[in-house]
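Now, the feature entries from Swiss-Prot:
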type	residues	note
DOMAIN	10-475	domain 'UvrD-like helicase ATP-binding'
BINDING	31, 32, 33, 34, 35, 36, 37, 38	ATP binding site
DOMAIN	476-786	domain 'UvrD-like helicase C-terminal'
């Protein structure tokens, strides 16, 4: 059927119009992010009903989630109602309003369930089945695996013994059980699981497949070997330009000869590669060489870096791909074949027994849905059944949303109920393979890719492909920068998608022309001497600062009205790969009193209230578990004190269990009577609850515990009470859900909880935040898919990819099967096998590809502006990223495959065109102006040092109360209002005096003026600082733990306070003797010597400043002072708004009648890229100018003489003021 001509003035683009009306063949719509695919899908359904006269219940619409299905059905229903109102006489539309309720707009699982319910007789199952919960299903599967393994232990087949030797430890079969479970899930994602398992052994037995694996490895290794050879040649070219490096060139020439032999004839000579040593050690670069090439220092470093890169690449090939010769790899495969075959047999036994258990309990899981549906729709030979033919006749079109996330079983089901072949079929598929991020759910993006490559734009002879590329969500800056990144990051080799003109995003939203560049923020961590925060905590704090900046300066554009409004909390989302940073972010936002919500499925079992209830349940089930019993005793419910627990244990120190100690204490005549009564009540409770649990389900036991001890009421009254209450009710509801499963009893419930905790399947904190609540949200990229936000902060870019699965002894892959390491049972040594090496390499490639697609999803969530947050230890690492090698239009394949994290790639791509220091052969273009508008990046790259990020605004917000809250409470009470107004209007006559403390230190004054210069209210900062603890560090920590930076600073000042000044300077031996003397005199601790920076003190002793002081007429150390601030600040006479300044000057000396003061500084500082000593000196002077000015003015006030000063930095040197 031809596509109708598009009228003038319609809202649809040409591609959308084609997507709505294309028919007569299978259609694949590649719908980029924000391209309106859902609107197109709904419109296509409506036009099928309105234009083609098709009944809505004769369309099968498959969505990815139940929520999507409900929303789509609602949209279709609304459109039908609108059309019916416009044409009330239309009988067809009236019928659709009735049939919409039977319309098959659902997930594929829901369709399969309906199929099973209608045709259960074909399956010979009880029609009264129910669906098992995920937790129940896992428990039953675990139980089945345990039983099957026990059966095979009874048989003790030699292959089974070898398997257990390899995959089990001395302590448990946990790893073995995990591998069996993974194999089960992989197998059932195939149309014929048994057949898939049977084929696992084929590569281990057939040489033809082994040869294919050798070729696969050869092709992969060629990428790295070629890159290694390029790096080696660059190193040679650079060294060739230098003097006195003949030995270096000789080593490189030998390596070039070896590499030339490996690559001879354009093929990789594997035997030569494995039979020779590569990467000889390069001679050291001596001072003589540096002197001879003093004008080429950067080139010298680059040459060394290139040779290091060569060694790294060749080492990867030899360690990861060809650690042994190919013949040895093949020989191992033959010996592994019986083990692989037996492992497949175990999984088939598990599958059979698991299915039997499910039938006996009359339960089905989602895998059963798919396989039973397939059983109904196919004959024994795999051809469509009569039932399938009837569905083919019934459904006039099948529409599939999110097609990139389907698996092979689902594809087979769809193929059974669709009509025709690709060139004349009725299957309409919508998706975006660039957003395929569910491989862990066995989604198979290759299904989409294969069709995309096979279908054509005009649909001649095959299916039709339509590209929806126009984006109606984001500003052009987001789109063009995203295009630029992926143009250089994604292709068929890494990412599995060619990011060409058809794949890229095109601007289609009606925003105004204001500039909204993407912001790439690179946070350089402060070391421990500058911050007590970890790197992750620093990043969390920095993210909060970005949020505050957005709220203060950014606005949101309303496309309907063409006007702006201020940004609010709910306009901002923080996206991360996982929830690992959630706790740090929660704390950082809490510190700033910014409403924040983590849309997390993690952390539930760590909540205090949940841990209490679980401790209670575990103690009731088995009171001999000390951790849970004592935890319950120490809780708010029973409130035993630590000294009481100590009394109990001291009386019976050798008891195995604390419960025994309690019983023994109660029976001891010397026991404290009050404590005995308390213990008797506690044990009585335990016994009472134990008896109750025998006759009642778990949820009733929990309910009784809640009511007996007012648990709900107590936790509701705490901070976050609403969420705590929801968590407690959530656990209660989970217990009800558990009782509805096939398992019963307290023990089984605890096992159920343990299984969830072990597998990381958290319930998640109960969600008490709605979609319209005004909070900043954090969510994972996976959970953000399909959503959009005005401002997206994509953080955690520097967190490494999780490659833990690649280190397992068994690697699984849907396409290739199972790769098992070879384990020599006699020698008890493991080696990579041909299959494990090949499949591990494939798995790594697929993993990095999916991580790149996750980056695409994250970037395309932003509407107004995108913030990318990366974090590095130091700025030197950025130079290496700028110089990542390229190949054509992309970052080189080897660089992408070995990239540790997203930041590695994103920064490299975006920084290349902005860097003036890298050569043209490492840039994608000589001039960014040459790049087309649609992919020309608009990005601001900022390198921020954490010590420059103000932490002064982290305040204790509990000190502030809202007057509005008080007025709201007394609303309507005029007397109260008048009294409040009278008190608030009162003007204290000495208000200025309240704003300053009566006594201040110079350091405090320094912070005050620095804060005022930054525009912050110092009064709030000062109130926060008053709360700091001043307790000394405990002695046991001082002796055993590592000293903090401030403690080392104090120690260094103590040493300097007593340091002798001698004209002939003291020697290093004398310095050690002096330190030992301080220890003998107990001036410093005995273990302090290891923390004293001797080299820095010796540098001071050899400095000019030391010599000047040694020749001074008078020297005063640690001189305290107290002075009127009015005199120091030279305030007018009579000004009463003054304070007393107190302080301590490290050292004062008099030379030639002039007074000088010296202030020692142990600060560390970052020597940032390109900074000279002069610039560092200026920076350090500016940092302490206020403090030094006060010292100078104070001394001049006291002495009534001109005073000069020095700053001495142990890590920099002398600065004269």
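Note: Cβ is positioned from N, Cα and C throughout, glycine not excepted.
Features recorded in Swiss-Prot, as mapped to the structure shown.
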residue : record           : Cβ within 10 Å
31      : ATP binding site : 27
32      : ATP binding site : 23
33      : ATP binding site : 24
34      : ATP binding site : 22
35      : ATP binding site : 27
36      : ATP binding site : 23
37      : ATP binding site : 21
38      : ATP binding site : 17
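The record gives 31, 32, 33, 34, 35, 36, 37, 38 for ATP. Within 8 Å of the mean position of their Cβ atoms, the other Cβ atoms in that chain belong to 40, 432, 468, 471, 472.
Annotation note: residue 34 (ATP binding site) sits in a coil segment as assigned by DSSP.
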